[in-house]
């Protein structure tokens, strides 16, 4: 279950859920117009990680214990690879918050923890869950985040209960766009840049307006950014969402996140969980099931969530499937950059007619073109869309 959630339909810990970790964005993957020197987070934190230099508020443990009624079970709203998350209400301000109590096994030292808090406190974007504060008290390590009353995308898409209103098509595209913008910030605008590493539907939180906010980014020590590739000592992502090259070799790049985004977009299109052993054998892995359909564009409508009851523009469905198919390509080099995905989804979410006025890059990582030049978003039929993949 994701962190910082509102009431969830399923609070039990999920199998195969790895720690939600972030890693540095390799220098070789910086945008062509931004080959700036980047440093490790540890270097960024040097001489700055003292509490007085951290923008996030420092809380006493007793304050957070009071806010959560001593971390009672009824206040528990989520569990993940890093610990438990409780809903709380600050006694002094009345602010409702989400308190993440980190697992005390393998605790970092005080300095390492403060370096990470300093790093997290520098990340600000409308599509990231805000870090309000932290607690470093004895062996206790806690993070305080804004509370997200609607829970996670998973709650509204994959754990729909009887009588619950399913997400409509426009909301799904809007959520996809918000999540993509959050990733774009981490990849291309944060300094130093960050790879999410465990992007999934349970880590996409929703506020009262159904705006997407990413959670659980950057909660682990980061490796060297000088290497040509970031090779993790162990793969820690969630099965089904991990890019194949990361799962096989531990090699991590921004394109690993793009693959994971493609999985979530496919979940948004289909309403199906990426791994579900209750489905027929050939459908248990969502990506494996969808790949043959990607090759037969006339079958694209088969991917649509039955709960949508056909209430979606066919052209928009075709475009969304095209984006997902590109993100889910086996070879990382031919996947798009997340900024190209943002361009495409922005166009989809605002389209009112002819797309000829759109400027920017199209979804083609090998030979960037304008949307007008490549034309893939202008296609009317599934076959036309797929011919441009």
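The backbone N, Cα and C atoms fix where each Cβ goes, and this holds for glycine too.
The DSSP secondary structure for residue 198 (active site, proton acceptor) is coil. Of all Cβ atoms in the protein chains displayed, 26 besides its own lie within 10 Å of the Cβ of residue 198 (active site, proton acceptor). Sequence annotations record features per position, and here Swiss-Prot assigns active site, proton acceptor to 198 based on sequence analysis.
DSSP assigns residue 79 (ATP binding site) to a strand segment in the three-state reduction. According to Swiss-Prot, the ATP binding site annotation covers 77, 78, 79, 80, 81, 82, 83, 84, 85, 100.
Swiss-Prot lists 71-348 with the feature domain 'Protein kinase'.
As annotated by Swiss-Prot, phosphoserine applies to 202 (among others).
The phosphoserine feature in Swiss-Prot is assigned to 232 (among others); the stated evidence is similarity to another entry.
According to Swiss-Prot, the phosphothreonine annotation covers 238. There are 26 other Cβ atoms within 10 Å of the Cβ belonging to residue 238 (phosphothreonine).
As annotated by Swiss-Prot, phosphotyrosine applies to 246. DSSP assigns residue 246 (phosphotyrosine) to a helix in the three-state reduction.
For 1-36, the entry in Swiss-Prot reads region 'Disordered'.
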- Find the shortest Cα-Cα separation between residue 85 (ATP binding site) and the recorded positions 198, 202, 246, and name the residue that gives it. 202
